[in-house]
Each structure stands twice: as C-alpha cells, then as structure tokens.
Amino acid sequence: MAERLDSFRYGDERISDTELFITVSSMIMGVGILSLPRLIAQSTSSSDGWISILIAGVSAIALAWTLGKLAARFPGISFFEYSAKIATKPVAAVIHVLVCIYFLLFLSYEVRAISSILREYMFDRTPVEVLALAFVLIVVYAVCGSRIGLIRLNLLFFPFVTAIVGVVMFMSLPTMHWEHLKPLFVTPLPGILSGSKECVFSLFGFEVVLFYAPMLMKPDKAPKSAAIGVFLPLLLYLAIYLIVIASFSNEVTASVIYPTVELAKGIEVPGEFFERFESLFFTIWMMTIFNSSFMTLDIASMALHALVPKGTKQMWAISVATVCYIISMIPEDAKEVATLSDSVSYVGVVAVGLIPVILYAIAIVRGVKNHG
C-alpha cells in the first residue's frame, strides 16, 4: 500500500505519461471541434471529408511524435534551454519570440471565439467585451497558481468532456440520414488536401509536449504520449464529422458556423429534463476550452520569462493576458475572426511545427543531447 500511495505523489512537480497525453488531448480539443465540420464541408463534397481528416491525423501524429522525440532527447531541461544548445542563443531568442507570438495569437483567438459563442448561445444580452474580460480574468487567476495543479485539472475534466461528446453522438443517431454520406470519393484531390489543411490546423496543440515533457517522470515516454494525445481527438473529430454530415448534409453543414453546437441543440431529451441540451454540452465543453486557454497563457508567460528573466510569473501572465484581450477585441465580424484564426495557424506551422523539426534534425546530425 505504501508503494501504491507513493506513486501518487501529488505534492511533487512531476507528471506521468498518462497525464501528458491527456494534457495534449485537452489542448487540442478546444474551439476547433465546434466549427471543424463546416471548414471541411466547404472544401469537400458529400462525406469525403473523412479522407481529409485521416490524412491530417496521420500528419499530426507523425509531427507530434517528432516533437516528443526532440523533448525526450533533452530530459529535465526546458525547450528554451535546449534550443539554445542546438542553435546558439541568438537563434534561440528568435525562436522564443516566434513562440511568444504564436501562443499570444492563439489565446487571443480562443478568447474571442469563446466569448462570441457564449453570446450567441447562452448570454445573448451580454456584450462580447464583458464575456471576454470575465474569461481572461479566470484564466489569469488559474495560471497564477500551481502549474502542476493546473495540468492535473486536465485529468479531472477529461472524462466529463469525452462523456458529453459520447452522449451527443449517441443521441444524434436517430437524426442521421445515411444517404447524406453518399456518394463516396467524389471530391478532387485539391479539395481533399484543402480539407486536410483545415483539419491539421484544428489538431494543433500537440506542441505542448515541448514545454511540459521536462516534467515527465519518464521522459522517454514523451513521443508515445504525444502521439496518443493526438490520436484520441482524431477519433472524436472523425466521428463528429460523419454524424454532423449524416444529420445535416454537406451543403447545410458548410453554411452553419458551429455545426457541432447545432447538433447538440437538436437533441431532445425524453421527459424534457433538459429544455436546452446545448447549454449542458457547451457548459461542459467550456472545461476543455478553459484548459487549453490556461496552458496557452502559461506557455506564453514561460517563453517571455525565458527571454526576460526579470519579473514574476504572475506579472508576465497578467501582461500577456492584457495584450491578448486587446487583440481579441480587434476583429469586428466573423470574417475578421476567421482571419485571426488563419494567422494563428500559419504562425504555428513555423513556430511549433517546422522549427522544432529542424532543431531535431540538427540535434541528430550534430549529436547534441542533454548529458545531465
């Protein structure tokens, strides 16, 4: 019993590989899943988007595995430290700046998206600015606390999030029309690839392995945890996409801003126990959006602190959150919010996609690793 209790040392600053893959999954399953069916439907015909999702999923898993291998090569030290070892300090400083910009834009988009969705579906009389400010303040309060405690919140919330998605999918089965899934293989290759691009962007989030892997009890498990962390959201994305298309058809899905929420909205619970099931769905889904937001703010603050060691974690968190709030209020309509989303995606491809892969290649060629 003593050994079993010792394995749950919640007072330390270490996490298990299970906690890491749940952290990766929680980071991925944010706002993206709510609009993903629409983005894929706009690029593909019929139900061919499943091909795009699979292509994107395989690419994301391969990239997550590579990032995990990079982190495992330097156990116990941060991304900011080993990037300087691999590519010199000046180059590492540029990388840090790009990482800061990426996570700053990422959080800005999430704040604006979540506040817009809240206003549309739950608080239609509350200004977006107020909803965004309330959300930012909650996230800042969370980040100012213990990092290990926040990471373990993912472990607490994850079962609720996956359960509500399962309920939505199960209760949506009666609304499905199988003829909406036909015909198959009618989308040209450019359309499939365009859909894959949108899906890859929605699978971003696996990059957290670079920043939280140093906390792993077994650093060599980082690649596996990262890959599994992408695989679980991939399965959910695939299932939700097919159910949404079967329920609404490709044409309707392409014109609905948040098809996943509309799917939950159409569910009728027997006995009228819930008059608005989408409110329950969205309330629980807020858990994973909160998780991805606090991790984004935490990493952005971490990156800035690595660049400028002066100041406290709380000071940097408040500073980053303030800038993010201002940026999130710049878009004036849904089109400009989509432009912000695209900016996040393209910066992310470079900052946490291409650059870490290049760093890993250089580390292998030069034989750079952490020798403790």
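Heads up, the Cβ atoms here are built off N, Cα and C, so glycines get one too.
Curation does not apply to TrEMBL; its annotations are automatic.
Feature annotations, reproduced from TrEMBL:
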type	residues	note
TRANSMEM	20-37	transmembrane segment
TRANSMEM	49-70	transmembrane segment
TRANSMEM	91-109	transmembrane segment
TRANSMEM	129-148	transmembrane segment
TRANSMEM	155-173	transmembrane segment
TRANSMEM	193-213	transmembrane segment
TRANSMEM	225-248	transmembrane segment
TRANSMEM	280-308	transmembrane segment
TRANSMEM	315-331	transmembrane segment
TRANSMEM	343-365	transmembrane segment
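When the stretches 20-37, 49-70, 129-148, 155-173, 225-248 are ranked by Cβ pairs under 8 Å to the transmembrane segment (193-213), first place goes to 49-70. Looking at 49-70, 91-109, 129-148, 315-331, 343-365, the range that has the most CB pairs within less than 8 A of the transmembrane segment (280-308) turns out to be 91-109. The listed stretches are 20-37, 129-148, 155-173, 315-331, 343-365; of these, 343-365 has the most Cβ pairs under 8 Å to the transmembrane segment (91-109).
With a cut-off of 8 Å between Cβ atoms, the residues of this chain six or more beyond the transmembrane segment (155-173) that come close are 18-19, 22, 25-26, 29, 232, 236, 239-240, 243, 247, 260, 263-264, 266-267, 269, 277, 280-281, 284-285, 287-288, 290-291. Beyond the transmembrane segment (49-70), the same-chain residues lying 6 or more positions past its ends with a Cβ under 8 Å from any Cβ of the stretch are 24, 37, 40-41, 43, 187, 192-200, 202-203, 206-207, 209-210, 213, 222-227, 229-231, 234, 237-238, 241-242, 245, 352-353, 356-357, 359-360, 363.
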